[in-house]
Amino acid sequence: MAPSVVPQSAAGGAALQASADDQLTIEMLGAGQEVGRSCCVLKYRGKTIVCDTGVHPAFTGIAALPFIDELDWSTVDAILITHFHLDHAAALTYIMEKTNFRDGHGKVYMTHPTKAVYRFLMSDFVRISNAGNDDNLFDENEMLASWRQIEAVDFHQDVSIAGGLRFTSYHAGHVLGACMFLIEIAGLRILYTGDFSREEDRHLVQAEIPPVKPDVLICESTYGTQTHEPRLDKEHRFTSQIHHIIKRGGRVLLPVFVLGRAQELLLLLDEYWAAHPELHSVPIYYASALAKKCISVYQTYIHTMNDHIRTRFNRRDNPFVFKHISNLRSLEKFEDRGPCVMMASPGFMQSGVSRELLERWAPDKRNGLIVSGYSVEGTMARNILNEPDEIIGINGQKIPRRMSVDYISFSAHVDFAQNSRFIDEIKAQHIVLVHGEQNNMSKLRAALQARFTARGSDVKIHTPRNCEPLVLQFRAQRTAKAIGTIAAKPPAQGDIVDGLLISKDFAYTILDPKDLTDFTGLSTSTIVQRQRVALAVSWEMVRWHLQGMYGRLQEGVDAEEGLRTLRIMGAVDVRQSARHELLVEWVSSIANDMVADSIVALLLGIDSAPSSVKMTMHNHHHHHHHHHHHHPGDAKAEETDDDAEATTEDEEARTPTESAANLPMHPFSEAALVAESEVRAKAATDEAVHRDAYQLAKMEHMAAFLEAHFGQVEELVIPEAPISEEIEESVPKVKVETEREAEKDEAGDESMSTLQPEPDSVTDVDKPELAPPAEQATASPPISIASLFDGEARSALRVFLDEAEAVIDVENLVILASSESFRARVQHLCTLALRSFTSLSDAFYLPQQMGTSLFQGKHSQLATIPEFGEERPSKMVRSS
């Protein structure tokens, strides 16, 4: 799919230059040039997908939600949650239960580990956020109700949603169950990473590279251009700092979230304590009411972790059964005496156990705080990194800070090196940076742009703000896949493929109508239309008018009912169903309906047509009837007479008898044209030409047509020419067609007798075959007929226009011209002349119907009409 950027207007909007169907709209309802309340809305081809629905950790209540009023949630087709962190998932319950999302048909998807952890994490979130807060977003029951509606998916599972929307989840590292989503809408691929890590740690795999190239990459920019410390170095610094604080008799506070980096640090501390017996007397506490439940979830999804963890588990060594770590459900059971290590949630220390312990331990200089993850601006974790002398307690009191503060990042977010390498491997044409503060995002954009410019790559990088839609234009390349009978023989270059085009979920398939049921399960139907017309004229009069309008007719008798029938243009049947009634029948289609309408209009005007009145006028004889008295046998006799009359009418409708009145030929019928041509041919002086009356009439018509355009036309008689090499390439094409059509006419339809149709196009050869190359450079050399042709005489026309001239062999439809441009012009006019000369039945071919209401035929085409028996099963037998 070829992308292009829609230029932005001065007001920040998009100057739309193409159809809205081909535009991808990306709107951030959160995490646009900020960290927190991640919520990305994608709109393309009538589909709406929302990626993540988090809250902002620096705010509470409604203020923490994304800008949800900017979207009609009933139109959302799917909500995809990348992982269970609050800034990516905590607003989900509010959206599902308190917006019009429930009025739509959208569903929510996340991985199995994410759904399992999400329930426990959200229970803790509800408990903490609702404690002493009147601005509650939702309660426990609403959270559980929404949780039951979430659909869990596996990694690498291809999930299809009706309407051409599908997605696949890939490992993202970061935390247990975290994934990135590769979304495909009508062929457009979008990779939304969420939070991801390209470094394999003690228990998680690194983020995957999807096997297919996306058109758009939406990725995080949390750390901008910063570079992480090597893992072994920061692990050593982390354990050394903890050891140092313990040696000085202090307590270590590690603010973490219940799940995520906490498990990585627990594995590290348990391993370090095992290697240092002198620390066995110092307890490590994991302060969380959900700790035990969360650890059970980790043990359940061991198979999603890295090889190191799976290998230990296969040796019956469960890495999450810690030997030196104790769970602490609440501070009420905590004896705050002596050195210890306390891991407490939440990580931003806005409330909860971590905030309470911070306020309690901050005044003691022996204690130490180690911030191990990313801190959002506006939170206590971010503020205390500035090492203020005082901190503000939850109740507003000022608390002196004397404890040490260290920042050792174990954040499972990519740094610049990992992110830039990942972007290079993805190779997307558009990169959208999200989930990053404005300063970090701007630095990352500049650094990436410099890299792409140095390589000469035309990659577009975007940094949208919240509620400012980004519009990208994509030129969709629509292709249709041929299946079934059509695909049995691959077409050559330039061939026209004729079939049904099926569109489903933005995918196109072309197939033969006969294969429709097999490949789609759709049933087919044919609409046969019948129209009865009351008409008080003879059958011969009807035929006379139809011949004058449509030319050649196919006449016979209906095989089922024995009714004499006329078939017009191979598509519409006119039957004499009764003495004064006609039945018009046809298979419904756009072209056939048009022909049937014209036939019905013609039939309705026959009664009052002046030609009909003139031909049916005759002397009137008035008879006097003698009246007799009725006697009992008269009624029976009259009844017998009525039956006899009805029988006679029925026989007249069924028996193709000749008319008593000898109607003259219609002046515009094919028979009249041939007759007139024969008269003219007999009067012709050239004995070699007059024997073909039809060719003579065609030549006269073409001469008049050309004379009206060029003014100077000569009639010639030329002998048959010896065919040169290049003329031989074109003339046989006409001869082959004519012979094929002649074979059709000789074989015929068993139910019909038809006339030989005339070709409707001309075959041309160029002037370069008429003269040596040196003469071609001169303007309009004369054409020598004697030097070109010899043999039997036949009709020809010579056309002049200034210095240019051309000779037209009327019989073989070959054009010889002094220049290519003049030859093309004459060819076009000759084609028009032939079409105007040929009757409607011969000039227009109505193709066979597809036999399905899904495809009502096609428009008529200018072509030679084929034999009826090859196009549609006939019910007619030859008329005697």
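Each Cβ is built from the backbone N, Cα and C atoms, and glycine gets one as well.
When H430, H435, H462, H545 are compared with the Zn(2+) 2 site residues D87, H88, D195 in Swiss-Prot, the one appearing in that site is H435. The Zn(2+) 1 site recorded in Swiss-Prot comprises H83, H85, D195 together with one of H105, H171, H174, namely H174. Apart from H83, H85, H174, D195, the Zn(2+) 1 site neighbourhood in this chain, defined by C-beta within 8 angstroms of the site C-beta centre, holds T82, F84, H88, A172, V175, A178, G194, F196, G260, A412. Taking the mean position of the Cβ atoms of D87, H88, D195, H435 as the Zn(2+) 2 site, the remaining same-chain residues with a Cβ inside 8 Å of that point are A31, V35, G36, S38, D52, G54, T82, H83, H85, G194, E220.
Between the binding-site residues H83, H85, the minimum number of other C-beta atoms within 10 Å of a residue's C-beta occurs at H85. For H174 (Zn(2+) 1 binding site), the nearest of the recorded positions D87, H88, H413, H435 in terms of C-alpha separation is H413.
A gap of 10 Å separates the Cα atoms of D87 (Zn(2+) 2 binding site) and D195 (Zn(2+) 1 binding site). The shortest Cα-Cα distance between D195 (Zn(2+) 1 binding site) and any of the recorded positions H88, H413, H435 is the one to H413. Look at H85 (Zn(2+) 1 binding site): DSSP puts it in coil. The shortest Cα-Cα distance from H413 (active site, proton donor) to any of the binding-site residues (H83, H85, H88, H435) is found for H435. Of all the binding-site residues given, namely D87, D195, the one with the smallest number of surrounding CB atoms inside 10 A is D87.
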